[in-house]
């Protein structure tokens, strides 16, 4: 079987996420990449940078050339947008005693359930392991809020698959807190000045009643049909809510007034999830309001 080994060190440490992104992949084991350092870059995502004397721990998956998993991974990592580059690096790989399809591990109860009964083989040097890294975005940054949740899921699976817990505590926790605060727990009227700062939304919909629902936007305010105007439109088979905020844009800044056309425009993200396990969904909508001159 031809293919390649792929080294994951960020959110793809989560076997659940990896099974969704690359359903034909196999969990191969864990690995240690020497002379590199783990970081969150200015884009808000995990990256590795050369750093003699340091090392990065991660998980290794087998991507078969007979599947489209590598192409799917390219898309999810934003290779065509220049977010990451693909490189081959040497590292020490500790293969699992039984290579198992990632999807099967998830179906059997996840990394914690499988990891308790798994034994790994002795480490060996692999010279050509696929790694996604950015050589452009190498400055230290802050993680995006939705990314914190995914990294924490990856940490849990990584520890279950024998990545040393000390690596996460001493390196990753410098950037990633254990959990982030849901917007629903923020004081009423508080404003979040980041498009990515909403991480947990509970949306309630009543079928057949247009706009009769409650949700939170990124500025920390709760909206419903009685407090804010909203319109519903269907795009791509999914409902979108166009909400007007008469005071601030998505970054918490006062809306600018365009006197030439008597309108102000802004983009307001709204997240909708129907259960805690669903992925966070962002909708960027353009709204217009009549300015008061």
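Heads up, the Cβ atoms here are built off N, Cα and C, so glycines get one too.
Listed in TrEMBL for this protein:
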ACT_SITE  77  active site, proton acceptor
BINDING   6, 7, 8, 9, 10, 11  substrate binding site
DOMAIN    6-93  domain 'Gamma-glutamylcyclotransferase AIG2-like'
REGION    204-242  region 'Disordered'
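Sequence features, as recorded in TrEMBL, placed on the structure.
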| residue | record | CB count, 10 Å |
| --- | --- | --- |
| 6 | substrate binding site | 24 |
| 7 | substrate binding site | 27 |
| 8 | substrate binding site | 26 |
| 9 | substrate binding site | 24 |
| 10 | substrate binding site | 22 |
| 11 | substrate binding site | 22 |
| 77 | active site, proton acceptor | 20 |
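Annotation note: residue 9 (substrate binding site) sits in a coil segment as assigned by DSSP. Those same-chain residues not listed among 6, 7, 8, 9, 10, 11 yet with C-beta within 8 angstroms of the centroid of the substrate site C-beta atoms are 12, 13, 46, 58, 59, 131, 132. The residue listed as 'active site, proton acceptor' is 11 Å away from residue 10 (substrate binding site) when you measure Cα to Cα. With respect to their backbone Cα atoms, residue 8 (substrate binding site) and residue 77 (active site, proton acceptor) stand 11 Å from each other. In this structure the alpha carbons, written CA, of residue 11 (substrate binding site) and the residue listed as 'active site, proton acceptor' are 11 Å apart.
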